[in-house]
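Presented below is the structure to which this report refers.
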């Protein structure tokens with residue numbers, strides 16, 4: 001880089017450009033409990049040292065810029081700058097490194113995921129010295145966690161509201177996702193709920209289109225919920241998507257859902273944005289509504305292993321911003337998800353404390369303090385034959401959503417729902433009796449078919465359906 005040149009004798013300021021690593025690469029730095037820590041996967045351009053790239057990431061995501069500026073002398077850079085404090089090569093990869101960066105807590109606004117992401121990933125990903133950059137993980141210190149309220153209610157409060165214990169929850173996304181009238185949509189909801197599901201769901205792109213305006217959908221769905229509750233004696237819900245083109249309209253839809261007595265609403269948190277999501281989570285907490293979160297657009301951000309943001313970071317951001325449910329992948333269905341990695345961020349969603357575990361992609365131990373847990377939602381290409389694996393992988397504190405796996409039943413929606421409910425309860429009972437679902441799951445399902453014709457029909461339809469493709473994003 002160009003040498004420094006002094007512009008005025010006696011000022012102590014030297015104009016020019018200097019290497020980032022002279023200021024922002026500090027391998028002797030001892031991280032503080034209050035630091036926000038980030039793990040970046042870097043791919044430097046040929047000829048650019050890893051130390052310079054790591055320092056550039058730290059600089060450009062905190063106090064630095066491309067040239068020396070005289071206003072650096074007006075602040076305490078050592079107090080406010082980000083620091084690249086460690087580098088490690090990625091095993092099995094040429095010219096890839098994990099850069100560990102520590103950020104002082106004072107760089108971030110309290111209770112603002114928007115500001116957190118604007119600072120850490122807002123600009124640095126376009127830096128020319130890097131061929132690719134991916135944010136693999138964040139350590140959120142307890143001091144910063146305590147500035148957020150997180151989930152409106154959390155897992156235990158949700159179970160208390162629904163009076164459902166000892167098993168996973170069952171859901172279904174109504175299909176076709178677009179094109180149904182509000183009345184036919186409500187009918188599909190009713191059939192699924194009376195058949196044994198706990199929830200039905202708007203798809204992520206169901207908002208307020210010409211074929212079905214939001215208010216009409218809300219009214220027919222409310223009718224379906226009250227009718228199915230009266231028939232079954234169970235509390236039912238439907239994830240009414242309150243996502244809208246502006247925050248005022250979003251809150252209006254949430255208010256109507258509340259006035260109709262609905263227990264839960266839904267939000268697309270990535271497409272709508274963190275500010276909108278935190279606003280809605282605050283409303284839901286105050287008004288007693290559960291909040292289901294869909295991750296539409298996540299794969300644009302997280303699927304490529306060398307560039308973007310890993311979903312575990314997006315999941316942590318959601319736990320801060322607020323949501324009672326979050327889609328997490330299934331491991332066994334049609335959507336991307338490696339088992340160890342998925343289990344890693346599922347624990348980060350649910351547990352109060354998670355230890356560092358690189359085998360599961362967890363770069364830092366994470367203490368969530370008192371932030372409520374978020375229930376993972378397994379959805380996408382799953383059916384009754386997947387139930388043993390889902391129960392074994394996710395346990396009880398999860399919502400298992402079978403869209404096509406309910407609505408595609410040859411006898412209709414209600415029998416499809418019944419088949420899933422029987423399969424879930426059979427697998428839960430078998431697990432509680434000490435049986436190994438990974439090894440005996442097929443036998444458990446086949447035995448349950450003998451006293452559930454609905455399940456037997458579902459098993460016959462989907463006996464050959466598998467989604468066996470290599471995972472793109474691996475450790």
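Backbone N, Cα and C atoms are what each Cβ position is placed from, and that goes for glycine too.
Listed in Swiss-Prot for this protein:
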type     : residues                     : note
ACT_SITE : 175                          : active site, proton acceptor
ACT_SITE : 294                          : active site, proton acceptor
BINDING  : 123, 173, 177, 295, 327, 379 : substrate binding site
BINDING  : 201, 203, 204                : Mg(2+) binding site
MOD_RES  : 3                            : N-acetylproline
MOD_RES  : 201                          : N6-carboxylysine
SITE     : 334                          : site 'Transition state stabilizer'
The number of other Cβ atoms within 10 Å of the Cβ of residue 294 (active site, proton acceptor), counted over all protein chains shown, is 28
Least Cβ-crowded entry, counting other Cβ within 10 Å, from the binding-site residues listed as 201, 327: 327
Enter the number of other CB atoms within 10 angstroms of the CB of residue 295 (substrate binding site). 23
Looking only at DSSP and grouping its letters into three states, which state does residue 175 (active site, proton acceptor) belong to? coil
Fewest other C-beta atoms within 10 angstroms of its own C-beta: which of the binding-site residues 203, 204 fits that? 203
Within 10 angstroms of the C-beta of residue 379 (substrate binding site), what count of other C-beta atoms is obtained when all protein chains are considered? 24
Greatest CA-CA distance (Å) over the residues 123, 173, 177, 295, 327, 379 that the record ties to substrate? 36
Among the recorded positions listed as 203, 204, 294, within 10 angstroms of residue 177 (substrate binding site) by C-alpha we get 203, 204
Would you identify which of the binding-site residues 123, 173 has the most other C-beta atoms lying within 10 angstroms of its C-beta? 173
In the three-state scheme derived from DSSP, which category covers residue 327 (substrate binding site)? strand
Any same-chain residues 6+ apart from residue 175 (active site, proton acceptor) with CB under 8 Å of its CB? Would you list them in sequence order, or say none? 203, 403, 404, 407
Not counting 201, 203, 204, residues with a CB within 8 A of the CB centroid of the Mg(2+) site are 173, 174, 177, 202, 205, 206, 239, 241, 266, 294
